[in-house]
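Structure, as structure tokens:
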Amino acid sequence: MTEVLETEPVRAAGPAEPTAGAGRRVRLGWPGTLALGFVLICLLIALLVPFLPLAEPNEQDLGDTLARYSADHLLGTDQLGRDLLARLLWAIRTSLFAGLTAIVVATLIGLPTGMLAGYRRGWFDTVSARIADVVLTVPALVLLLTVHTALRTGITGQMVTLGVIFAPRIYRVMRAETIRVATMPYLLAGRMSGCSHVRILWRYLLPGIRAQVRVQVSYLLGLSLLIEAGISFLGVGVESPDASLGTMLSGAAAMLASDARVVLIPAAVLSLLILSLNVIGDIESEGERRG
Amino acid sequence: MASEPGQTVLTVDNVTVELDRPHESTPLVTDVSFAVRRGEMVGMVGESGSGKSLTASAVAGLLPRGVRLARGAVEIDGRAAGTDATARTRHDGVAMVFQNPMTSLNPSMRVGDQVAEAIRLRRPGTSRRDARREAVEVLERVEITRPAERARQYPFEFSGGMRQRVMIAISIAHRPSVLVADEPTTALDVTVQRGVMDLLDRLRADMGLAVLLVSHDLALVGERCDRLLVMYAGELVEQGETENVLRRPLHPYVRALQRCTPEHAIAAGGLYSLPGRVPQAGEVRTGCRFAARCELRTAECDETHPTLDAYAPGHLVRCVHVGRPEQDHHHERRAEGGV
Amino acid sequence: MLTLILRQAALRAVVAVPTLIVVTCCTYVMLFSIGDPAAVVAGESATPEQVAQVRQSLGLDRSVVAQYLDWLAHAVRGDFGESLHHRGDVLGLVGQYLPATLLLSFLALAVAVLASVLMGSAVGARPGGLVDRGLGAVAVLGIAVPNFLVGYVLILVFSLWFGWFPSGGYRTPAEAGLLTTFRFLVLPSASLALGLMCVQTRTFRASLIKEYEADYVRTARMKGVSPSGVFFRHVARNASAPWVTVIGLEIGVLITGALLVESVFSIPGIGTLTLEAVQGQDFPVVQALVTLFALVILAVNLVTDLIALWLNPASRGLS
């Protein structure tokens with residue numbers, strides 16, 4: 001006689017299991033809203049900057065260097081008399097486009113390979129995992145510099161390379177996520193009802209791992225911006241005189257003493273962008289927190 | 001401990017546990033009183049949320065964060081324990097075994113050291129080496145084979161049943177007079193369960209331990225315990241000798257529970273399901289807490305909160321209907337049901 | 001336990017060798033086969049014949065496999081060839097630039113480790129307080145701000161406004177004494193440490209909170225272990241394992257950061273050498289540096305994994 005008067009709640013594998021096709025709403029909170037707002041504004045600027053009534057960003061006016069805020073130059077001018085506002089907005093465009101290039105390439109490589117490796121396993125999984133291990137052994141910046149040494153690529157080439165370098169990170173997360181989702185009952189149900197592998201991957205797996213894709217994309221976009229700024233700062237990324245958030249900081253140490261504003265404004269924008277992307281990533285991961 | 005056989009070693013007096021919030025009182029356990037004698041095993045049963053685990057934690061002085069001992073007292077070996085209002089200071093003379101042996105041991109500490117730590121805390125002068133030697137003895141006492149070797153291993157090298165034995169070893173290393181066992185075998189296989197329960201039984205006999213066994217398994221407590229305490233929605237609804245409570249249950253709740261079992265279903269030709277759910281903590285209600293689910297419900301049930309009264313010597317029940325003719329008639333019919 | 005850890009160490013070291021070979025091989029192919037060192041050596045004005053001649057004299061006309069094997073054979077003996085621009089061998093060059101970077105990195109690591117343990121413990125034991133939330137916000141900020149920008153802010157405040165520390169440059173201990181060297185490294189190591197410190201603090205706080213909720217803490221309280229005993233004997237050790245692992249994972253970030261921070265503060269370290277070699281297409285130096293970085297990262301990860309293993313024996317059950 002086994003009398004059980006307690007019905008223990010069935011412990012689910014996690015409090016928030018993704019269900020097929022159901023994009024769960026994520027609570028943003030005020031930091032998330034601010035972050036998302038800032039990123040969207042920057043994206044809007046990046047798209048619209050060629051149509052805005054701005055000064056020519058590379059036009060120097062050596063008679064009017066380091067000017068203060070004025071009607072002509074809302075943010076003043078830099079050490080070469082270039083309009084700081086125009087340069088800043090163009091820099092946002094250059095940097096964001098550079099970062100997005102890397103992300104698109106990384107996702108195009110990492111997402112399908114990761115899903116395939118996690119879904120089919122076998123030799124493809126083994127080989128691709130080894131390749132990912134090797135790429136991840138060397139810091140992204142160092143790898144990028146190595147490639148630049150040999151090929152002398154421009155910023156677009158650099159960012160494509162960065163995308164290749166980031167691909168293993170996306171690959172790894174997607175592989176792990178796919179393995180997790182692939183063992184869930186709803187997927188098995190799909191298999192049993194006779195769906196093709198392509199349909200399983202597209203209709204069942206992708207929605208399940210979508211949240212993680214968003215998390216990775218927002219983190220890696222932040223990292224891409226950081227690396228673009230890094231290489232441009234080191235003088236091997238965006239070529240001067242073109243403005244990017246990195247080139248605007250390059251050689252800025254000398255400017256600190258005379259006019260820190262020239263440095264601090266692009267620095268603040270860059271930091272805020274990365275901060276916002278991190279905050280967005282954190283929010284998603286909280287919504288997805290398991291165990 | 002210097003207590004005589006049969007002497008009361010644990011007295012729980014009107015213990016009330018509430019959520020630890022400044023300006024409100026949400027009782028989770030209300031006015032629970034009982035006593036356990038030396039060498040006695042008392043079972044406490046109830047559904048999840050009935051407050052049985054919280055009562056057990058209050059007895060051991062191990063209430064989790066977020067709740068407080070609002071009223072009442074716990075007395076162990078005749079000494080008041082838990083003068084601290086939060087009841088978060090461990091009580092002397094009482095030890096506790098927890099439900100999940102897989103997580104109750106420190107994963108990065110050798111098993112022997114975990115037992116030795118308890119010994120050294122009990123007797124601060126003990127040298128490390130003496131404590132280790134004694135730990136091996138205690139491990140032997142809980143029937144762990146090759147205790148000297150096992151003492152040097154880590155918890156992950158132990159099976160669930162073995163870990164629960166280690167947990168028991170840690171508890172009795174204190175040489176407590178009261179052992180609170182909170183669902184000690186729930187997480188274990190049925191086959192392992194028996195071994196652990198046999199061990200508890202033996203320790204009770206050998207050491208004269210008073211054991212408070214918290215469980216949701218009526219069969220288990222029915223088999224092992226001398227007396228039973230049945231909890232519902234944070235209060236005791238029935239208390240008495242195991243024999244009496246199980247064979248002649250008085251409270252409609254306990255009777256309904258027995259009808260929910262497969263054995264009864266076979267006899268009655270269908271499985272009975274208790275309607276409704278356990279009320280949530282803080283749900284305000286006058287009257288009987290079980291009224292909403294009770295088949296004997298009358299207007300009186302909704303108006304007055306019944307007290308825990310003696311039906312027979314040592315057999316207490318919290319129901320306004322107990323002792324009335326129709327009630328007893330119902331009771332007889334149930335007894336014929338073959339339980 | 002020790003033998004187990006040593007066995008793991010040996011195993012991991014053996015596994016690391018192929019990784020290292022693949023990394024160096026790919027780098028070599030990238031630099032010496034896809035890139036063209038001969039053109040760099042011969043100079044921009046060289047005729048194709050001259051370039052071909054240089055290529056032959058440097059042995060770059062052989063198959064890339066033969067070249068790489070040759071490089072590998074020399075590399076394992078510590079011979080990384082000669083710099084295309086500097087006089088002398090690559091290893092000597094690296095040795096010249098290494099001390100400043102090592103000193104900088106160790107200082108930064110020490111600061112980050114110490115501060116994260118202290119702050120993580122302070123807030124992890126009592127989460128949700130005002131200090132906790134304040135530090136949490138600062139940590140999010142500290143992780144987001146690129147460390148070379150932190151460097152700028154530090155220069156602005158502590159060098160230009162207060163004048164406490166130099167705004168850049170470096171003196172070796174041999175030249176100017178340890179104290180002066182230290183003065184030059186305070187701001188760079190602080191800017192390098194900030195990001196790591198924030199990541200580490202968050203990790204330690206999170207694992208402390210998780211460990212405090214674990215059942216074995218209740219067991220310890222049941223035994224009568226004091227609150228400080230619970231922290232030091234039980235919780236801290238278990239909470240340290242993920243924290244140590246993160247140090248290993250963050251070492252790449254530290255190297256990247258050192259590269260940029262050295263540039264901000266004009267410190268003649270490995271970062272400066274790397275940048276010089278990249279800009280001047282000094283192929284043998286770049287090849288040696290990539291090897292060095294990969295070696296350091298593999299070694300640090302090995303050490304941190306072993307420490308984590310020692311801290312958390314249960315993970316041995318998994319491996």
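Backbone N, Cα and C define each Cβ position, glycine as well.
Nobody curates TrEMBL annotations by hand; they come from automatic prediction.
Annotation comment: TrEMBL describes C:9-31 (among others) as transmembrane segment.
Residues annotated as transmembrane segment in TrEMBL: C:97-123 (among others). Panel annotation: around the transmembrane segment (C:97-123), residues 129, 131-132, 135-136, 170, 172, 181, 185, 188-190, 192-193, 196-197, 200-205, 208, 231, 236, 243, 247, 254, 257-258, 261-262, 267-273 of the same chain, lying at least six beyond its termini, place a Cβ under 8 Å from a Cβ of the stretch.
The feature domain 'ABC transmembrane type-1' is assigned by TrEMBL to C:98-304.
For C:135-164 (among others), the entry in TrEMBL reads transmembrane segment. Tertiary proximity for the transmembrane segment (C:135-164) is limited to same-chain residues at least six positions away from its ends with a CB under 8 Å from its CB atoms, namely 119, 122-123, 187-188, 190-192, 194-195, 197-199, 201-202, 257, 260-261, 263-265.
What TrEMBL records for C:176-199 (among others) is transmembrane segment.
Under the heading transmembrane segment, TrEMBL lists C:243-265 (among others). Within the chain carrying the transmembrane segment (C:243-265), a Cβ under 8 angstroms from the stretch's Cβ atoms is held by residues 100-101, 104-105, 108-109, 113, 116, 120, 146-148, 151-152, 155, 167-170, 184, 187-188, 191-192, 195-196, 199-200, 203-204, 207, 271-272, 274-275, 293, 296-297, 300-301, 303-305, 307-308, 311, all 6 or more beyond its ends.
Sequence-distant contacts of the transmembrane segment (C:285-311) (same chain, at least 6 residues past either end, Cβ-Cβ under 8 Å): 1, 5, 8-9, 12-13, 16, 19-20, 23-24, 27-28, 31-32, 71, 75, 80-81, 83-84, 86, 90-91, 93-94, 237-238, 240-242, 244-245, 247-249, 251-252, 255, 270, 273-274, 277-278, 319. If you look up TrEMBL, you'll see C:285-311 (among others) marked as transmembrane segment.
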